[in-house]
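To start, the structure itself, in structure tokens.
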Amino acid sequence: MESTQEFQVPLKTIRLTDGTEYQSYHTEGSLSDKKPSDYKNGIPKIRKEWIRTRLDRGDTNHSQMYYAKKGIITEEMRYVALRENMNPEFVRLEIACGRAILPSNRNHPELEPMIIGRNFLVKINANIGNSALGSSIEEEVEKLHWAVKWGADTVMDLSTGKNIHETREWILRNSPVPIGTVPIYQALEKVKGKAENLNIQVFLDTLEERAEQGVDYFTIHAGVLLHYIPFTANRVTGIVSRGGSILAKWCLAHHKENFLYTHFDEIIKVMKKYGVSFSLGDGLRPGSIADANDKAQFGELETLGELTKRAWEEDIQVMIEGPGHVPMHLIKENVDLQMKLCQEAPFYTLGPLVTDIAPGYDHITSAIGAAMIGWFGMAMLCYVTPKEHLGLPDKEDVKQGVIAYKIAAHAADLAKGHPGAIKRDNLLSKARFEFRWEDQFALSLDPETAKSFHDETLPQDRMKTAHFCSMCGPHFCSMNLTQELRKFAQEKGMEEKSEVTICNRKKESGK
């Protein structure tokens, strides 16, 4: 164990009117008391001393997998164990075998450590970032605040517009959650948008720049191989990954193998130096139901499994990105094959969307697939907003996407039987049956919306204790009628009579 330093982890305490307290996982952490306008002050650097100790002793590999394999329980692992209510040694073992990752760049001291793995709570990622069409630095920091307020466990900065470096710097200095990026976007900007002019040195320079700033994980599309590209020719929607299409264009322009694949060992060196984790990108993921589970998708997945082994040999953490658009009956095949080919490295999926017919509602079409794939063993879900396929999401879209995916993640935790997952459901159900409206609001994922919907028709304070809502009114509420029935049965001793009746019937039937 690195130290015996004591520390506290962020938890959100919900105090109920019956005196009960519920503590939930809290992603907002030290951002809770800050305003986006204060972004130039940053947030506390809670990992500063932990990192300094490792630098002072000359560590050359800053990956949590490196320490885990050496039998060391780091402060980050202890922190995660407290957040997840798990044993620190279990956390270490999961990281050591590659079944979980703890993304934590040595240059992101503001990070409040979290873990991604199938044996832990299902996590969600939110994407933010500017485009060539607009959005300021302050707006992007505000999106970060907004995403973690509603429960994003990690955030990816996908900026492609102006001031990319400065925008990313302030996102990192204000982020209590891991930040991921896709370096190929900025590399493309450096060669004036011409994919054929990309080369490994431009990419490595971009990688080093981002790692130096503190980015915790990189999406690297190293599995888009030259001989897989023809498999996409007859697809309905071709190659839908931006990174995948950029690298496919480079491969075809030069008729050479993907330079991210051929120079993978050089990329590993940068990851090792800063403790950055791989998020191996699915550049050939299906972009429509018709293309799901095809030869291109699964061919790339096999290569990602090979690259995972190469990264693990150097003690670098890896998670695998997944689809995409997949109908419900094909989802389990994705998980089973990923676990087999990638040796149970954490699976990180975009949805998947289970139908293509609902533009404007793809946060719903994808949350259905997300709940299913989470149940089957996926570790982290990348959210989809209502604007998917239509435009750049705004603040409200970010909220809608995060809430939809928090529902999917929690549903998966319930289905997997994660310890403690059902407690919040039980507390809310009890509050609902007892007509404790304020407690129902407080326990919901979005208290503001729950309260506003209730108050649209019954805004008066006295209605916060009423034994009905506007759906049924005072005379048709099933829960109120059930309470009256129970009271009547208790007064008349009906429970004892019922037990006697059941006993007599069993005797008559010879049971």
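Any Cβ shown, glycine's included, is placed from N, Cα and C.
Among the candidates M114, M156, M372, the residue that Swiss-Prot annotates alongside N127, Y185, H221, S241, R242, G243, D282, G283, L284, R285, E321, Y348 as binding substrate is M156.
A strand conformation is recorded for H325 (Zn(2+) binding site) in the three-state DSSP classification. Annotation for Y185 (substrate binding site): spatial neighbours L158, S159, T160, R242, G243, criterion Cβ-Cβ under 8 Å with sequence separation of six or more. Non-local neighbourhood of H325 (Zn(2+) binding site): P286, G287, S288, I289, D291, A292, G351, P352, L353, D356, each in the same chain, at least six residues away, with C-beta under 8 Å from its C-beta.
Separating the Cα atoms of N127 (substrate binding site) and C469 ([4Fe-4S] cluster binding site) is a whole-number distance of 37 Å. Of all the binding-site residues in the list H389, C469, C472, C477, the shortest Cα-Cα distance to R285 (substrate binding site) is found for H389. Among the binding-site residues H389, C469, C472, C477, the residue whose Cα lies closest in space to that of Y348 (substrate binding site) is H389. Counting only the Cα atoms, the space from C477 ([4Fe-4S] cluster binding site) to G283 (substrate binding site) is about 52 angstrom. In space, S241 is the closest of the binding-site residues S241, G283, C469, C472 to H389 (Zn(2+) binding site), judged by Cα positions.
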